[in-house]
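As recorded in Swiss-Prot:
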type: BINDING; residues: H27, K105; note: heme binding site
type: TRANSMEM; residues: 26-46; note: transmembrane segment
type: TRANSMEM; residues: 77-97; note: transmembrane segment
type: TRANSMEM; residues: 99-119; note: transmembrane segment
type: TRANSMEM; residues: 145-165; note: transmembrane segment
Amino acid sequence: MRMADHFEETTMGTFLADYYLWTKSLHVISVLAWMAGLFYLPRLFVYHAEVVKAGTETDALFQTMERRLLRAIMNPAMIATWIFGLLLVFTPGIVDWSMLWPWTKAACVLAMTGFHMWLAARRRDFAAGANRHKGRTYRMMNELPTLLMLVIVFSAVAKWNYWGF
């Protein structure tokens, strides 16, 4: 008996299958919250880098907004996205790892998580008064989550099995 077959027969496999639509809904909600933060934080960095002088009252305001966005919205949303996503992966019959789509989605989710970590490091730079990037860098980096999102959505919805779609 394959391990996957055994998992499908377990109580956990049955539980995940029974609550699949709830898990999927919570996954989509957390992804939306995470993506909102991934789109907004680089925008804050653009204005922080281009307009705000370090050590000013406005600098402190931007640092507060950036910290709260990251800690209160983005971090919990990323964690929830991962938890609900992994629950979906372990739901029997949902992911066929012999196809291409779960691998492209997984690679892009890892890249999105890496981008999140990069943003967290840049927030620490601003907090230390040590930002070394121009607004243009943050403007360009702001496009990365959009590109990753496109690949993730097409992977998860179209479930392609080869690069010719």
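Cβ coordinates come from backbone N, Cα and C, glycine included.
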**Other CB atoms, at most 10 A from the CB of K105 (heme binding site)** = 21
**Asked** Can at least 3 Cβ pairs under 8 A be found between the transmembrane segment (145-165) and the transmembrane segment (77-97), with each pair 6 or more apart in sequence?
**Response** no
**Request:** For the transmembrane segment (26-46), find every same-chain residue at least 6 residues outside the stretch whose CB is under 8 Å from a CB in it, and list them.
**Result:** 62, 65-66, 69-70, 73-74, 76-78, 80-81, 84-85, 87-88, 112, 115-116, 119, 122-123, 126, 131, 133, 135, 138-139, 141-142, 145-146, 149
**Fill in**
Cβ contacts within 10 Å for H27 (heme binding site), all chains included, total 20
